[in-house]
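Novice: What follows is a structure written as structure tokens; I'll ask about it next.
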Amino acid sequence: AENEPSWETPCTELLVYVSSPDCDGFPSLDSKESYNLSVSKGSMLLSAETVWGALRGLETFSQLVGRDENGTYYINETVIVDFPRFPHRGLLLDTSRHYLPLKAILETLDVMAYNKFNVFHWHIVDDPSFPYESSTFPELSKKGAFNAMTHVYTANDVRTVIEYARLRGIRVVAEFDTPGHTLSWGPGAPGLLTPCYMGKAPSGAYGPINPILNSTYQFVASLFQEVSTVFPDFFLHLGGDEVDFTCWKSNPEIRAFMMEMGLGEDYKKLESFYIQRLLDIISSLGKGYIVWQEVFDNDVKLRPDTIIHVWKENARQYLNEMANVTRAGYQALLSAPWYLNRISYGQDWIEAYKVEPLNFKGSPEQKALVMGGEACMWGEYVDVTNLTPRLW
Amino acid sequence: SSPTMGRAMGLAGLLLGLVVVPAVLVSTSLRHGAPRTEAEAEPSGWELAAGAVPEDSLWPLPQRVSTYPRQLQLAPSRFQLVHGAGSSAGPGCGLLQDAFRRYYEYMFGHSWRRTRGRRPLAARAEPELLQLQVVIEARDPGCDRHPHLTSSEAYHLTVTEPVAILKASEVWGALRGLETFSQLVHEDDYGSFLVNESEINDFPRFAHRGVLLDTSRHYLPLKSILTNLDAMAFNKFNVLHWHIVDDQSFPYQSISFPELSDKGAYSSNLIYSPTDVHLVIEYARLRGIRVIPEFDTPGHTQSWGKGQKDLLTPCYKGGRPTGSFGPVNPVWNTTYDFMTVFFKEISSVFPDEFIHLGGDEVDFSCWKTNPEVKEFMKKQGFGTDYAKLESYYIQHILDIVSSYNKGQMVWQEVFDHKAQLKPDTVVQVWMANNYAHELSSVTGAGFTAVLSAPWYLDYISYGQDWKKYYSVEPLNFPGSEKQKKLLIGGEACLWGEFVDATNLTPRLWPRASAVAERLWSSSNVTNLEDAYKRLANHRCRMLRRGIAAEPVFVGYCAHEAR
């Protein structure tokens, strides 16, 4: 037809069609990220159900555009139908072992978008430092940050991260890991951590959160009340990993409590006691939760919609754990083979690539419980000087 | 074992000053990251703070250090680095003038108190240190010369009021002393600059302390190389071994053979022009760093063949050339004609008395297929021993380079395959397997050696691998006193297969610092706990000076990288 644009006519528009936009909403685990892309003579169309799908499609489109030797931009006739295999595709950053300036986090979010990651798992506090500025408990960062003036995330910083992520279709799942990994909480919250004992007297050292005091649960409830408001995602990561029982065992009040409650010598039951109360608090705040695998391994009573985060890597044993978790009916996230902080010489991306998350014995229903996974960049040896080249 | 984290939290200002001791905390378990045993070995940052001493900041540790409790103040607006009376160097010594400015910046750069400001609100009682006077004692200070293997890098530093004195035989020692002095100056909680009265007598244990950079596997922009030279100077390294070309690319722009880089570089902008090369050499010289270029042959030369026809050996199969090429062709006269002209240029472009000729990993398979080569082997009576052919080639190149009055460095294979070396040829030992034995052989045969085998920093691994580089004792090989003297030093190698400007600095630093101290400091400086303290401080200092060195372990620096 005479109105048909010639093939040499430069394409001028990529039309983006979104059926149920929700531009001002937040992405969630259930968000649809599928999109269709069609590039043909005379028209380029990107269609998606949601804005999240449109974002994914824009990224793909930008990857299709080429440039020839003369510098002319071109794009091939293309038809793409795309959707993610797994809905939870995350990246963990650790801002406690080393503080990461805001710029570094935002840069990471950019690169995550280039790679269609959609969850930023912010392991924001831990033993070494507490950079999160809490409005309810300002002493936590005042006394717990590496430097309370400079090595902190203000409320504004946190808002900036959440919005920057949202604009890229990335959820921000914050992790406030308890009851272990909490040494930095101690200075700003006296009485929160368990005092360790050497014989009859306190040694001066502290251990995990003290699970036997009411004040603990008041504190935790208040803190998570704030955290639930600050972080809009439905899920919070509650940690629960690597709880060292030595300090609890040394404390006479805790030993007395164990006897009173008939828990015997099984400190896993005490951990369970704490975690269950924590989960109740979180649920009452209307949030869902993700926990590290120990919480499941130690037989804590969990709600059916708990997500278990599988991280222990021991000669491919993680696949067994995935099978166990899903067989018990819980959703699972895989990180074990993707600890990117464990560097090695050569093209180690190949090992990460070869992982097949569903390579375990289980029914299709079980396998459908695998929500996805997360690449983890723990911060013991990582800060802004080497984060980007180590991660990408 | 959980540390006392309590009250000291948040206390950033320390006696140690400019550098804040990182808060290294032993957590209950670090299995999410570092293995448990590693965590327990580290001292708690807070306990360190109270007992911090000035030496906690020195890297590499000088041979003899005495510091005293008495402190002196420095006022940035008044303090000066000057030539002392009786120095053979004066304002005409560009190298020292540049160094004075540079070190002033390093010490006070981040301070806004450099211009005359208000009188101090609460003047400290300590006396003021007004100057550091630099006195060069040799008649020829060396200001306009290039450093060489036998240059004196010794210095004597006395810090006392009203002026500190830095004495050195040559400017090279003064550079080392300036670095040390800048490591002694620290800030107190209020931002005042202080230095403890001290007396330091220092000199390097080994004369050859190098870093190898590979600009063939990945091109490294000039800025990257210059930044690296800065970092080297902070660590008292004194040799840049520039592995400039290899199989993958030929970025060196040759005046005699422009086609080499025209056809052999990755692309026309990824080259080092003569100006670039001069810049690197001069930038290095001003920091007391020698630049030893390596033009590795006869292997590792694929990129040479792109711009120089009939240089590489054509490989054969079934009696016909396959189209691929092997090492440099050792049987053609034209090869040696080329090398004669090429190395004449290299000898004049690079002022160091040594050139590295490579000679490693020669793959004989292509030679074995080539009829002319096979014919030559017969004529020469080499039988089937291609190592003899390799030696024949290398000896020829050694002669060529000798005729230009240059000394030669070679990789160990050249020695292992029994080529006839010149008496002053330096053999670089790189093969990790039983390198102590190789050191014995090389030095036993009377040749000087440089050690790299345990210091291949491109071989990254998880955790604090600096400790294993630090724990190497280079003289731990069977041999006489005379033999051990032939080990003149070592080089940390950062091969470029997986390295370019995006990750070079954090990958090299501060890991290479471990090698720096091993090569400079006394053999009895081996305590890992003490080294950790000083290395962590040193790393924060490098950050402050613009080197994006990666963290040693958990913690923080007062001035983080941007």
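Cβ coordinates are placed from backbone N, Cα and C, and glycine is handled just like the others.
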Novice: Looking at TrEMBL, which one of B:Cys143, B:Cys366 makes a disulfide with B:Cys315?
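Specialist: TrEMBL annotates a disulfide bond between B:Cys315 and B:Cys366.
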Novice: Can you count helix, strand and coil residues in the domain 'Beta-hexosaminidase eukaryotic type N-terminal' (B:58-184) using DSSP?
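Specialist: Counts, helix then strand then coil: 29 helix, 33 strand, 65 coil.
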Novice: Of the recorded positions B:Cys143, B:Glu361, B:Cys366, which one has its Cα closest to the Cα of B:Cys540 (disulfide bond)?
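Specialist: Among B:Cys143, B:Glu361, B:Cys366, B:Cys143.
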Novice: Using B:Cys366 (disulfide bond) as the reference point, find which of the disulfide-bonded residues B:Cys93, B:Cys143, B:Cys557 has the shortest Cα-to-Cα distance to it.
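Specialist: Nearest candidate: B:Cys143.
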Novice: So how many other Cβ atoms are close to B:Cys93 (disulfide bond), meaning within 10 Å of its Cβ?
Specialist: 22
Novice: Can you work out the mean pLDDT of the predicted model over the domain 'Glycoside hydrolase family 20 catalytic' (B:206-522)?
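Specialist: Here the predicted model's pLDDT, averaged over the domain 'Glycoside hydrolase family 20 catalytic' (B:206-522), is 98.
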Novice: Just to be sure I understand the packing, how many Cβ atoms besides its own are within 10 Å of the Cβ of B:Cys315 (disulfide bond)?
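Specialist: Cβ-Cβ neighbours of B:Cys315 (disulfide bond) within 10 Å number 17.
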Novice: Among B:Cys143, B:Cys366, B:Cys540, the disulfide-bonded residues in question, whose Cβ has the most other Cβ atoms within 10 Å in this structure?
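Specialist: Sorting the candidates by Cβ neighbours within 10 Å, the top entry is B:Cys540.
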Novice: So of all those recorded positions, B:Cys315, B:Glu361, B:Cys557, which one's Cα sits nearest to B:Cys143 (disulfide bond)?
Specialist: B:Cys557
